[in-house]
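Asks: What follows is a structure written as structure tokens; I'll ask about it next.
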Amino acid sequence: MTERPAPPIALLAELTHRCPLSCSYCSNPLELTAREKELPTEIWVDVFQQAADLGVLQLHLSGGEPASRRDLETLVAIARDAGLYVNLITSGIGLSPSRLDALEAAGLDHVQLSLQATRAEKADWIGGYKGGFARKLAFADEVHRRGLPLTINAVMHRHTIDDIDAAIEFAASLGARRIEVACVQFYGWALANRSGLLPSRDQVLRAKEAVLAARRAYAGRMTIDFVPPDYYADYPKACMGGWGTTGINIAPDGTVLPCHAAATIPGLAFDRVTEKPLSAIWYDGSAFNAFRGHAWMKEPCRSCARRDKDHGGCRCQALALAADATAADPVCRHAPGRPVIDDILARETPFETDLIYRNGKIR
Ligand code: SF4
Ligand code: FES
């Protein structure tokens with residue numbers, strides 16, 4: 001029996017899996033939810049109020065591309081009325097100045113804009129969408145002109161990590177207050193494309209140095225967060241800050257998940273917002289309770305001094321790489337599964353291969 005958890009802080013609402021881009025590192029599942037199965041406006045409205053009542057402070061509206069939903073402006077207004085801080089995670093495509101006016105009027109607090117690359121040709125190749133880069137720039141300009149807080153999310157992988165300086169400079173030129181330079185984590189489409197996306201150790205070392213230098217250069221002007229690829233680390237990340245401790249993800253069809261990849265774990269039963277109150281799902285849902293506390297842990301995690309720091313790492317990564325969601329994350333140097341990662345690093349980093357876009361096309 002585990003202690004009653006604290007309320008969640010954040011809700012990630014995946015409003016839709018529809019998206020004009022088709023990046024090969026997308027964290028959406030390989031089986032995307034069809035438009036007909038998406039939750040209607042009135043259910044999301046009720047969910048946002050339930051989330052606020054439960055204690056959630058921040059709402060992240062995500063996708064796919066959330067602007068693919070025509071009711072996005074309504075959802076932002078309702079969420080703000082419920083007292084939530086609303087962050088929009090977007091590619092910027094599909095948000096005209098008039099839609100941005102409406103979002104601003106609805107009370108949108110913050111925009112997080114993805115950046116595929118800093119040059120049009122490369123960005124459009126990575127996103128699989130010709131003309132996407134130009135539209136993204138126009139959107140960033142409109143966001144900046146309105147004074148809305150902007151974070152750039154620059155996704156790093158083998159094809160972009162050497163341009164890290166340019167990405168940071170570019171974010172500053174767009175008026176961003178923060179840039180998250182995040183190396184691709186291998187879930188969903190990114191896992192399927194790992195051989196083509198995994199950066200080399202040298203690339204990662206150079207990127208770390210570039211970030212240190214940029215932090216000095218931009219101190220006081222722009223915050224620079226760096227998420228390294230965990231395959232090169234000795235210890236795993238505390239995924240989701242610990243399973244069922246801080247955040248809730250809701251998929252477009254209303255399935256409530258402890259993390260975005262949780263549905264890959266066999267044997268877990270997931271509740272839906274159409275069937276149970278969010279509070280009952282958070283406190284009593286079997287999926288949320290599956291990996292809370294320490295009782296589920298095996299050795300070496302169970303008796304490890306770091307177990308409250310990283311919570312044994314990522315359950316979905318343990319499942320994907322060690323075929324056991326209760327195992328230590330194979331990133332950990334003490335994990336029985338660590339040789340799997342060492343083997344991947346030896347085998348896949350010099351490996352150039354085609355990338356599969358999430359629309360099924362191959363490049
Ligand atoms: Fe974390 Fe488990 Fe490794 Fe300890 S043994 S560092 S708890 S993954
Ligand atoms: Fe599911 Fe890390 S992505 S626990």
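If you go along the chain as it appears here, the first residue is 1 and each next one adds 1.
Including glycine, each Cβ sits where the backbone N, Cα and C put it.
For reference, TrEMBL lists these features for the protein:
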| type | residues | note |
| --- | --- | --- |
| BINDING | Cys19, Cys23, Cys26 | [4Fe-4S] cluster binding site |
| DOMAIN | 5-221 | domain 'Radical SAM core' |
Asks: Can you give me the same-chain residues 6 or more apart in sequence from Cys23 ([4Fe-4S] cluster binding site) with a CB-CB distance under 8 Å?
Replies: Gln116, Ile126, Gly127, Gly128, Val155, Trp189, Tyr357, Arg358
Asks: Please list, in sequence order, the residues in the chain of Cys19 ([4Fe-4S] cluster binding site) that are at least six apart in sequence and whose C-beta is under 8 Å away from its C-beta.
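Replies: Counting only residues 6 or more apart in sequence, the Cβ neighbours of Cys19 ([4Fe-4S] cluster binding site) under 8 Å are Cys26, Gly63, Gly64, Glu65, Ser68, Ser91, Arg358.
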